[in-house]
Amino acid sequence: MAARTDFYNDLEDYPNSTFLYDEDYNDEVCDTTSVVEFASVVTPAFFSMVITLSLAGNILVLVILAKYENLKSLTNIFILNLAISDLVFTFGLPFWASYHIWGWTFGWILCKTVNFVFYTGFYSSILFLTVMTFHRYLAVVYPLSDHGSQRGCYGVTVSLVIWMVSFGVAVPALIFSSVQNHVHDKGYRLYCEYNDLNWRNVSSYQQMVFFLGAFMVMGFCYIMILKTVFRSRSHMRTRTVKLIFSIVAVFFLGWAPYNVVILLMLLTKNNTCDSNKILDYGLSVCRLIAFSHCCLNPVFYAFVGTKFRKHLQSILQKCFHRRSTMEAQQNRPAIIPSMGSMY
């Protein structure tokens, strides 16, 4: 089995990544410096963009829901919680961006807290998206049935259950995460990682189970929705089909490659150096794509949701109108009492 550098092992071993290589390394056998440099430059830059877009987009969604929409609506309750999930997930990204550059510099309390919050946002986001899909399926395929799902208390109860499940599956990250001191040829660095290899592997398999389960549920629901929509003569058919295809495609294309790479790293025991490098590059790139999901939902609302677009335009118009009014007042010439003719 080809060895890898200690430094890269430590750098890559952080939440949602997997490391199953032996700890007896020889830097002369397999030099992964290029992979380290790639991750340390691209990851912080990309995460900075994702953080900015996610904060702006999801906070805007919360503002629009609070200002213009009925929060007793089931759909709005789920959208509200999905936006909160994305913000919770985003909370961990600045720490991981810094982690790729300087190692872990925030202490053991934040190590456990950030890991726990990060995984909570990860799982709750997937669960809310899946539940929203299931209720859309019920509304379209069985429109006349009373599922009790339109009551606000039902939405609050389901949301609380999802958050409790998310907290529960994220607890191992809280318990088994710790700050580790790894020594390499250039000194030492501190890293926030799982201190138990078995739990690290369990975490990786758990992610894949959640992904496959969610995708199977979403796939079934949307196939049934498409069948129902195509049988109807609704003039909204084209828009509905586009929305459904976009949601499923982005969900699958974003998370599938990431989970495939993790599975390969879990199952592959005897890699060559070149194979290790390919998997390392693949994990770095696929992680960036997958983690960008937290800033994509507001984009769907803006481009597909007519009401959201109208509310957004209303907010922007008010902001620009207020700004123009303030500028006009500032630029207005002072009125000086006339002392006679201008000529």
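Even glycines carry a Cβ here, placed using N, Cα and C.
Curation does not apply to TrEMBL; its annotations are automatic.
According to TrEMBL, the domain 'G-protein coupled receptors family 1 profile' annotation covers 57-301. The transmembrane segment annotation in TrEMBL covers 45-65, 77-96, 116-140, 152-176, 208-230, 242-266, 278-304.
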Contact check, the transmembrane segment (116-140) vs the transmembrane segment (45-65), 3+ Cβ pairs under 8 Å, seq sep 6+:
no
Run the contact check on the transmembrane segment (278-304) against the transmembrane segment (45-65): 3 or more C-beta pairs under 8 Å, excluding pairs closer than 6 in sequence.
yes
